[in-house]
Amino acid sequence: MMKKTDYITTEDFSKEELLKLVDLSLKIKACIKNGYYPPLLEHKSLGMIFQQTSTRTRVSFETAMSQLGGHAQYLAPGQIQLGGHETIEDTSTVLSRLDDILMARVERHQSVVDLARCASIPVINGMSDYNHPTQELGDLCTMIEHLPAGKKLEDCKVVFVGDATQVCFSLALITTKMGMEFVHFGPKGFQLNDMHKEKLDKICERSGGKYTVTDNEDAIEGADFLYTDVWYGLYEAELSEEERMQIFFPKYQVDSQMMAKAGADCKFMHCLPATRGEEITDEVMDGPHSICFDEAENRLTSIRGLLVYLLRDYREKNPYDLVKQEKAKEELETFLKPE
């Protein structure tokens, strides 16, 4: 049996593997745009575990499975307790026998790590308090589709504005792995921390990428992509609106002046959902430089590719499999024959 592949963090994948995954995703997207839905996931079943509610992640996974011939099962918050009444080991063992692949959106990163460790089928991290790796893939697809004329990916500069959310760290991981320049422009106390920097240092040593963490707004100049997220962490006590505005507004709000400072050709990105009037203005979000809705569509694009990539036949074929299959088929047909 070949070893299964999990998708828990892009740190486990090489630049070449990630680019191959994106290329696969974009090729499937082109097929579907032209009316052909390749049945690449026919008879495959995805179990989706959600400890947090979701819009884009849930819809993208369900649609991806349906479009490619498979089926997705939604296990809502409260319907399944990872490590609660039933142990993670038991849950993963049972679901490994019922499904072909699992996706889990969890509160604690260790939960999805443990799920993957115990499952005999591939496991995808749909988001945790550590990272958001499926968002990374969608972002990479989007940046490749919107590359500035005459530039390669590694020539591009990406600036993240605001709070050091999971999305901020995930964007830092994928861009530096691609050899790009990443800047986190955010207030002190809400910047990428020493743990994040240690991981980015190791990636940059191998990739040639570079990163900067600063509260100096001059760092946004020359950006090819300007990215922001909401001004509060998902898994800590949320700041009140008044506290958020005192810390981040107006310096870290992406408005037309900030976009102009970044550069005339800079594109705007946001993982969504957005809090209009806080981290982003309507003028920018709905403006000609915004690609955030292309980015949202590419969640589906990249998830289709990811599912196909992970569900390659990792179970090595036994030479007797075909014989057993034919025998089982014959026995079933005999049983179903009318008397």
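Just so you know, glycine gets a Cβ as well, placed from its N, Cα and C.
Features of the protein shown, as given by Swiss-Prot:
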type	residues	note
BINDING	Ser54, Thr55, Arg56, Thr57, Arg58, Arg105, His132	carbamoyl phosphate binding site
BINDING	His270, Cys271, Leu272, Pro273	putrescine binding site
SITE	Lys29	site 'Important for structural integrity'
SITE	Glu145	site 'Important for structural integrity'
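DSSP gives His270 (putrescine binding site) a strand state. Looking at the residues that bind carbamoyl phosphate per the record, Ser54, Thr55, Arg56, Thr57, Arg58, Arg105, His132, the two CA atoms farthest apart are separated by 14 Å.
If you take the CA of Pro273 (putrescine binding site) and look 10 A around it, you hit none of the recorded positions from Arg58, Arg105, His132, Glu145.
Calculated from their C-alpha atoms, the gap between Arg58 (carbamoyl phosphate binding site) and Leu272 (putrescine binding site) amounts to 14 Å.
Compute the center of the Cβ atoms of Ser54, Thr55, Arg56, Thr57, Arg58, Arg105, His132, which mark the site for carbamoyl phosphate; besides them, the chain residues with Cβ within 8 Å of that center are Phe50, Val59, Ser60, Gly126, Met127. Among the recorded positions listed here, namely Lys29, Glu145, His270, Leu272, Leu272 has its C-alpha nearest to that of Thr57 (carbamoyl phosphate binding site). Nearest Cα neighbour of Cys271 (putrescine binding site) among the listed recorded positions (Ser54, Arg105, Glu145): Ser54. Put simply, Arg56 is the one of the binding-site residues Arg56, Arg105, His270 whose Cα lies nearest to the Cα of Lys29 (site 'Important for structural integrity'). The residues near the putrescine site, meaning same-chain residues not in His270, Cys271, Leu272, Pro273 whose C-beta sits within 8 angstroms of the mean position of the site's C-beta atoms, are Arg56, Asp229, Val230, Ala274, Cys292, Glu295, Ala296, in sequence order. Spacing of Thr55 (carbamoyl phosphate binding site) relative to Leu272 (putrescine binding site) is 10 Å (Cα to Cα, whole number).
Looking only at the recorded positions Glu145, His270, Leu272, the one with its C-alpha closest to Ser54 (carbamoyl phosphate binding site) is Leu272. Geometry remark: Leu272 (putrescine binding site) versus Arg56 (carbamoyl phosphate binding site), CA distance 9 Å. DSSP classifies Arg105 (carbamoyl phosphate binding site) as strand under the three-state reduction. It is 20 Å from the Cα atom of Arg105 (carbamoyl phosphate binding site) to that of His270 (putrescine binding site). Annotation for His270 (putrescine binding site): same-chain Cβ neighbours under 8 Å, separated by at least 6 residues, are Tyr227, Thr228, Asp229, Glu279, Ile280, Met285, Cys292, Glu295.
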